[in-house]
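If you scroll down you'll find the structure; I have some questions about it.
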Amino acid sequence: MPLSYQHFRKLLLLDDEAGPLEEELPRLADEGLNHRVAEDLNLQLPNVSIPWTHKVGNFTGLYSSTLPIFNPNWQTPSFPDIHLHQDIINKCEQFVGPLTVNERRRLKLVMPARFYPTSTKYLPLEKGIKPYYPQDVVNHYFQTRHYLHTLWEAGILYKRETTRSASFCGSPYSWEQELQHGAESFNQQSTRIFSRAPVGPCIQSKHQQSRLGLQPQQGQLAKGQRGRSGSVRSRAHSATRRSVGVEPSGSGHNNNSASESASCLHQSAVRQEAYSHFSTSERHSSSGHALELHDISPSSARSQSKGSVFSCWWLQFRNSIPCSGHCLSHLVNLLEDWGPCTEHGKHHIRIPRTPARVTGGVFLVDKNPHNTAESRLVVDFSQFSRGSTRVPWPKFAVPNLQSLTNLLSSNLSWLSLDVSAAFYHLPLHPAAMPHLLVGSSGLSRYVARLSSNSRIHDHQHGTMQNLHNYCTRNLFVSLMLLYKTFGRKLHLYSHPIVLGFRKIPMGVGLSPFLLAQFTSAICSVVRRAFPHCLAFSYMDDVVLGAKSVQHLESLYTAVTNFLLSLGIHLNPTKTKRWGYSLNFMGYVIGSWGTLPQEHIVQKIKHCFRKIPVNRPIDWKVCQRIVGLLGFAAPFTQCGYPALMPLYACIQAKQAFTFSPIYKAFLSKQYATLYPVARQRAGLCQVFADATPTGWGLVIGQQRMRGTFVAPLPIHTAELLAACFARSRSGANIIGTDNSVVLSRKYTSFPWLLGCAANWILRGTSFVYVPSALNPADDPSRGRLGLSRPLCRLPFQPTTGRTSLYAVSPSVPSHLPDRVHFASPLHVAWRPP
């Protein structure tokens, strides 16, 4: 007789009219019964030939290619001038007194952050901006390039000037070593050579400083020597390699001594200009990733300079005859002054050797599902998470649901702060720059790569006939529209650029770890400064709690001022006041406990409406369904064990078929959600123990025992004993000597037993008692005669071993010789 839904609920002891627990519960551990129920519910069917369902409501497989939508009107978000103060430790100590070891260690981690992968793969510049939107290639190129420029202007990126130097905007840190020229710092005045050199001798004067000291110049053009900034095989007269905005200075010859002075800077800057107009082949040479310029003899260059100036690709159109109605020369002739070919930051620093390559691609997407007007930059540094260049990221503990409830479930009044661009607060050491490079190859090479026109790939980038190969109707129309948005910046953005991260990027596994360490240390400082209040953070989500609303407002003012004094930028418009029910990490947390937020509850209802019955569903779609249901599982009667059939199918990579009964069972489970309550401290008065053949309980002074019909595995027997203890005594603190029961993970038990036990033991706290001290040990072995005294076992609710919440005691007067601690860095979070 097939199993009905009512019979199934009765079987799981979810209804009140069940028989005595000692008889009913052990039956659920029977393997035969579990198999029969699974067959009735269609849970273990072999693979069938019916085609799989690949979409359930909004859920598609994890690897489905949902095409992103390009928005030509995306606004690039503005970034404030974020500069986290370097003496952050001193400022915190002024605020709260001496820091604890933990706080100091965490703050030192991010001042500056360091990133040293074992090996790095370099990609050509053409892969800098991903062709993510094939229909809007040019538009996406300029939008992305503008976003990168905005980040550079906000001091979040370095711009690679030469192989060994970079420039940036904003305030410098002490570890960013400014380039020195003689005794004089490389300041704003000396950078003018890049944009427009002053009349008179070049910065490389009569004497050049080499590593050996001051040496006279070795003639007009020192050919054979190699500069440390990379090997360039055939060098040309600097006056002939004139790029727009770089006027040749009087004596400006390139003298290549082995120095890191301005000659290298000037020559490399001009070389970088040249590399967008000359035919360049990029090779990985033994001396570094250098650019090789081919077939440019001084004589050929000189003859060119007399005719058409060797200028940038963009400005060459000015002197050319229009090839058609949509020739780019029409656009270029709209403006007389297109501005400089490149821009340079206020500060120039020394960096490790950095090739003109990228290590990750970038593209734009909507800022979030609710804000499609603004764009967000996605940086793909996935090479550091895959294959041979994989980096083992540090793991850090995240509070599980019970810890979070123990900590935050209270009658406090709450508000949450929004840290604007939180990741971009944390500075990176310049030594990390060669590993975190983004950029673009310039418009001409980008369009050429995506164009099917093979003529563009020949080696004649400098000639006029080749120039007009780019003139297509689509490109012309796109650029004319973009001209309205970007104006003369079109010229700047059409040049190649290489940028390295100065603040931690979002696409690297190190960043979430560092952000969590940083915000947890700051919150720890705030908690110690205001011991009667609560400050807590998860990543960039910071919450403050206080006894009354007035108290909370004054706390908010004090904390905001403190954070601003450290250089942390808050977004006051996004500060949310929650009253007594805090919305945090997808939960609503109040004095009554924790529940999922309403939008998640609605998502679950929508999901159940869409789940088809008796049709195989692709296991990747099941992953999505389980992800959603798993989040709310702790709030249901049967918890995670109810989802075990789905987990099993995903593990076997097989399709899953929902039977009407299993679907009805699950939807009923999720129709009523029970809050997860805060654990309370107390004394343990109830103990349970079991052997494979029998169980024993001690409830206060009362002792009882029983036997199983057939021998059971020890973990199953211990779980049954704990269930009996809970149902007989009603106590919510139970002592047990079994670590599996203690962990409260019932997914490895027989399925029906796991579901029933989860409901019986919901809200129970367990205390570990060693077997030798367990008073229930004798009754479980059938000995009721000997009465062992009850051990005094206090239960203390835990807030978890998390790097996000450390109780901060007053600083000890002296440090112990050796501190033993299990580092929270190696503890991965698993669902509670």
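Cβ coordinates come from backbone N, Cα and C, glycine included.
Note that the coordinates shown come from a computational prediction; the quantities given were computed from them, not determined experimentally.
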Please identify which of Asp418, Asp689 is recorded by Swiss-Prot as part of the Mg(2+) site containing Asp540, Asp541.
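So, going by the record in Swiss-Prot, that would be Asp418.
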Give the number of CB atoms, excluding that of Asp541 (Mg(2+) binding site) itself, located within 10 Å of its CB.
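That number is 15.
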What is the total of other Cβ atoms whose distance to the Cβ of Asp540 (Mg(2+) binding site) is within 10 Å?
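For Asp540 (Mg(2+) binding site), the count of other Cβ atoms within 10 Å is 18.
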Count the other Cβ atoms sitting within 10 Å of the Cβ of Asp418 (Mg(2+) binding site), across every protein chain shown.
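That number is 16.
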